[in-house]
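One structure is given below, represented as C-alpha cells, and several questions about it will come after.
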C-alpha cells in the first residue's frame with residue numbers, strides 16, 4: 001500500500017513539475033501549481049515513513065533473535081540479573097546489541113554462580129556414608145540368618161542332643177534356645193551373627209534417639225518426650241549388653257546367671273520398645289506422614305504380644321523348676337522362641353521407622 005502511494009505521489013510530482021515549467025515558459029499561472037509544495041512535502045514524509053518502517057522491521061527481527069537468545073540463556077542460568085532491551089535500535093548498533101547483552105548475561109550468571117553456596121569450597125565433607133537400607137540389612141540379616149541356621153542345623157543334624165534329653169524333672173521334648181545356641185557348631189554361627197549385630201546396633205540406637213527428639217510442634221510436654229527418648233537410648237544399650245552376656249554364658253555354663261541375664265534382656269527390651277514407640281507417636285515424622293500410621297499400629301501389636309509372652313514364659317518356668325511339671329518346659333521353650341522373634345520384629349520396626357535417615361561420618 002505504501003509503495004502504491006509512493007508511485008502516485010512521484011507521478012503527481014512529475015506532472016506538477018512539468019506544468020510548472022510550462023507555466024514558467026508561458027509566464028502564466030496554473031491552479032495545479034498551488035499544491036506543488038504540499039505534494040513535495042507529502043513525498044518527503046512518505047519516504048521517511050518508508051525508511052522508518054524498514055528500520056522497524058530490521059529492529060523487530062533483531063529484537064526477536066535477541067529475545068530467543070535470551071530465552072536460551074535464561075534456561076541455562078537459574079537466576080538472571082538483567083533482561084534484554086526491546087527498544088528500537090539504530091542500524092549501526094543492531095548487530096552488536098545481542099552480543100553485548102549475552103556477554104553481560106553470561107558475566108552476570110558467572111558472578112551469580114560464583115556467589116552460589118553450591119560452588120563454594122565445602123566446610124565439611126563425608127568420610128563415610130551408610131544408607132538406611134544397607135544399615136537395615138547389615139544389622140538384622142546376620143543375627144536373623146544365624147538364628148535360622150542354628151535351628152536348621154540343630155534340629156536337622158544334632159536332634160539327638162536336643163530332643164528327648166534328660167533334664168532336672170525328667171526327659172524334655174523341646175530344648176530351650178540357650179541349649180540350641182550353645183552346641184559347638186551352632187555356637188560359632190550364633191556368635192558370628194551377634195558380633196555383626198552388636199557392632200551396628202549402636203548406630204541405629206543413636207539414629208532413633210535423634211528422631212525421637214524431633215517432637216511435633218503442638219506437644220506441650222516436650223520434656224517428657226525427651227526423657228522417654230533418653231530412656232529408649234539407655235535401655236537399648238543395656239539390652240545389647242544382656243544379649244552379649246546371654247551369648248557368652250549359656251544354660252550349661254551357669255543356669256542362675258543365664259536366667260538373670262534373660263530377665264534383664266526382656267525387661268530392657270520392653271522398656272526400649274515402649275519408650276521408643278511413644279516418642280515415635282509424637283514425632284514430626286509421624287505427624288507429617290500418614291503412611292507411618294500402620295507402622296505404628298504394628299509396633300503396638302508387637303509390644304502387646306511381648307507383654308503377653310513374658311509373663312507366660314515365667315509362669316511355665318516356675319511350674320517346671322518349682323513344681324517339676326515336666327510338660328511346662330515344652331511350653332516354656334515354645335514361648336521363648338516366640339518372644340525372641342517378637343523382640344527382633346520390634347527391632348525391625350524401629351529400623352524401618354528410620355528410613356529417611358542415613359548414617360554419615362562427617363569431617364569438618
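In case you wondered, yes, glycine gets a Cβ from its N, Cα and C as well.
Copied straight from TrEMBL:
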type	residues	note
DOMAIN	137-352	domain 'CWH43-like N-terminal'
REGION	69-115	region 'Disordered'
TRANSMEM	135-157	transmembrane segment
TRANSMEM	188-211	transmembrane segment
TRANSMEM	223-249	transmembrane segment
TRANSMEM	255-280	transmembrane segment
TRANSMEM	300-321	transmembrane segment
TRANSMEM	327-345	transmembrane segment
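Distances, neighbours, how buried they are, the whole picture for these features please.
Within the chain carrying the transmembrane segment (135-157), a Cβ under 8 angstroms from the stretch's Cβ atoms is held by residues 163, 175, 180-181, 183, 185-186, 189-190, 192-194, 196-197, 200-201, 203-204, 340, 344, 347-348, 351-352, 354, 359, all 6 or more beyond its ends.
Within the same chain, residues 130, 135, 138-140, 142-147, 149-150, 153, 181, 229-230, 232-233, 236-237, 240, 243-244, 247, 276, 279-280, 283, 285, 350-351, 353-354, 357, 359 sit at least 6 positions outside the transmembrane segment (188-211) and bring their C-beta atoms closer than 8 Å to a C-beta of that stretch.
Residues 168-169, 259, 266, 269-270, 273-274, 277, 328-329, 331-332, 335-336, 338-339, 342-343, 345-346, 349 of the same chain lie 6 or more positions beyond the ends of the transmembrane segment (300-321) yet place their CB under 8 Å from a CB of it.
Within its own chain, the transmembrane segment (327-345) is flanked in space by residues 140, 143-144, 147, 167, 169, 172-177, 266, 269, 302, 305-306, 309-310, 312-313, 316-317, 319-320, which lie at least six positions past its ends and keep a Cβ under 8 Å from the stretch.
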What average pLDDT is reported by the model for the domain 'CWH43-like N-terminal' (137-352)?
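The predicted confidence over the domain 'CWH43-like N-terminal' (137-352), as a mean pLDDT, is 86.
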